[in-house]
Amino acid sequence: FPVGIAARMPASAAAAAAEGEEKAAEAGGRELLYCGTVRFDIMGRTVKGGVQGRGNLVSPTRLRPLVGVDIRFVASGCAACHCVALSSDGRCFSWGRNEKGQLGHGDTLLRNLPTVVSKLSKYNIIAAGVGRNHTVVVTDDGRSFAFGDNRHGQLGMGSLRSGTRVSPVPCLVTKATNAVCGADFTVWLSSVEGSSILTAGLPQYGQLGHGSDNEYNANASSVRLTYDPQPHPRAIAALSGKTVVKVACGTNHTVAVDSSGFVYTWGFGGYGRLGHNEQKDEWQPRLVEIFQKNNMLSPSDIISAGSASSACTAGGRGQLYVWGKLKNWGDECMYPKPVRDLSGWNIRCMASGDMHHIVGAEDSCISWGLSEYGELGYGPTQKSSVNPKKVDILEGMHVTSVGCGVGMSLIVVDRANVGDKLDQLDNFDGDIDALFQAEETPEPEQVTKAASPTTNSRSNKRKKASEHAEPEAEDGIRQVPKEEAECGSHGRGRGRGRGAKTATPEPMPSGRGRGRGRPKKGTSSPGAATPEAGSSGRGGKKSGKRGRPRK
């Protein structure tokens with residue numbers, strides 16, 4: 001039943017309706033699965049005591065408060081350490097880091113498990129966007145509310161007064177249909193003719209799309225640069241004649257698609273994340289040339305933006321294209337290139353985090369990238385993967401929505417036709433100490449192997465060999481730069497535009513591996529070709545067969 005009806009119904013009728021909804025959810029519906037860290041307080045930060053790599057859910061796990069709840073949509077952000085989940089009855093759940101009130105519960109208390117945002121209980125929430133320290137939601141009647149950090153005006157409330165809002169406040173946007181957040185800015189889609197896309201927040205790299213970065217000197221005697229924040233949501237004039245239907249935000253860049261299927265990007269241009277074959281910042285929307293003529297996006301195609309990368313499907317065939325910095329080593333893609341490993345797959349949804357990616361395609365969940373906290377969902381035996389790889393434990397499940405944050409992934413699966421597979425997954429009830437104890441207790445198989453002299457000998461040989469390998473090739477863990485220590489990447493890279501003055505390149509080891517392959521439908525492929533043309537990862541022999549998955 002719709003939100004708010006229960007308050008007007010007799011107690012017995014409300015209880016009966018709730019019971020009926022619960023039974024319907026058990027029979028079908030969609031369930032949220034989570035993998036990654038639950039230590040939201042230390043995520044992306046350097047801490048002492050050796051606990052940074054502990055307290056992780058390395059396989060897709062059910063969250064106790066959402067077991068049996070029909071989840072329609074999930075959201076996080078490539079620079080965010082908190083999450084939002086929307087149920088089919090319009091409720092909004094949030095959890096994670098809350099130092100700026102970005103969870104909307106009226107306080108700054110961290111929450112390990114999803115909690116309903118009670119201040120929004122009388123609204124039917126249909127969309128949500130998550131930034132570094134703020135959250136924006138949209139209701140079914142076109143209203144928008146925001147909460148969290150407002151230092152740069154990213155809440156769109158028209159004022160910088162009271163830099164932090166711990167409870168939802170209305171945004172100055174009418175007839176909103178969607179909201180997406182970058183690190184410190186927000187993009188709204190609206191049904192108002194001529195103002196289909198509006199932005200507010202930090203303009204430092206031109207990510208607001210208004211033709212300027214609003215840069216000025218802090219004072220006459222200082223060389224320190226400041227960027228004038230924009231607290232009033234403002235329509236992008238360059239797109240006033242277009243109807244924007246889809247949008248995705250990276251840390252400091254934006255990707256948008258209009259009703260004709262053309263793709264536009266703007267903002268920070270480091271590592272080619274804008275797809276224009278150059279590392280120049282764009283202060284207003286610029287058309288990505290490859291997505292024209294016979295390669296325009298259809299209404300069913302998807303777009304995604306990560307910390308330093310962008311992606312979309314195009315051409316009516318579901319072919320996935322990626323560009324930007326896709327991994328922490330090797331060359332970047334300066335313009336869109338197809339991911340050959342996923343050719344022929346029907347990709348329904350995709351999300352990109354700091355340096356990892358999740359895709360829902362047919363009855364499989366596929367992920368790749370860096371995994372410092374188990375966010376790829378492969379389990380305890382593997383962390384990172386350069387190549388797209390199936391999440392084996394979810395094979396055969398229909399993924400309907402995905403979300404990526406810093407060190408975490410959210411996956412929504414359809415309960416229909418999964419049998420008892422969901423019951424076989426772990427449940428997390430918020431007890432972090434229990435996770436620590438489980439990690440400290442060795443499994444029987446591990447003890448048996450440790451007692452075998454032959455195994456020890458082989459392990460020593462492998463250990464010696466690994467000492468001569470590239471450090472990232474072993475587990476792919478990225479060293480977090482000092483400026484990124486607060487939470488995820490700020491999207492800074494090499495740039496040659498005006499907005500790239502403060503950009504500094506990230507270290508890129510020159511080591512390359514060998515081997516190609518691709519995941520085949522119905523089977524798990526531990527080594528698939530890198531999604532980047534012209535680069536390769538460590539894997540099988542060169543003689544390995546390559547072929548597209550057959551329909």
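The backbone N, Cα and C atoms fix where each Cβ goes, and this holds for glycine too.
As annotated by TrEMBL, repeat 'RCC1' applies to 90-141, 142-192, 195-260, 261-316, 318-363, 363-415. Taken from TrEMBL, the feature region 'Disordered' covers 438-551. Taken from TrEMBL, the feature compositional bias 'Polar residues' applies to 449-458. Feature annotation from TrEMBL assigns compositional bias 'Basic and acidic residues' to 466-489. Look at TrEMBL and you will find 539-551 tagged as compositional bias 'Basic residues'.
Remark: secondary structure over the repeat 'RCC1' (195-260) totals 3 helix, 29 strand, 34 coil, with classes taken from DSSP.
Across the repeat 'RCC1' (363-415), mean pLDDT in this model comes to 95. Taking DSSP states H, G and I as helix and E and B as strand, the repeat 'RCC1' (318-363) has 3 helix, 24 strand, 19 coil. Residues of the repeat 'RCC1' (261-316) grouped by DSSP class, helix first, strand second and coil last, total 6 helix, 20 strand, 30 coil.
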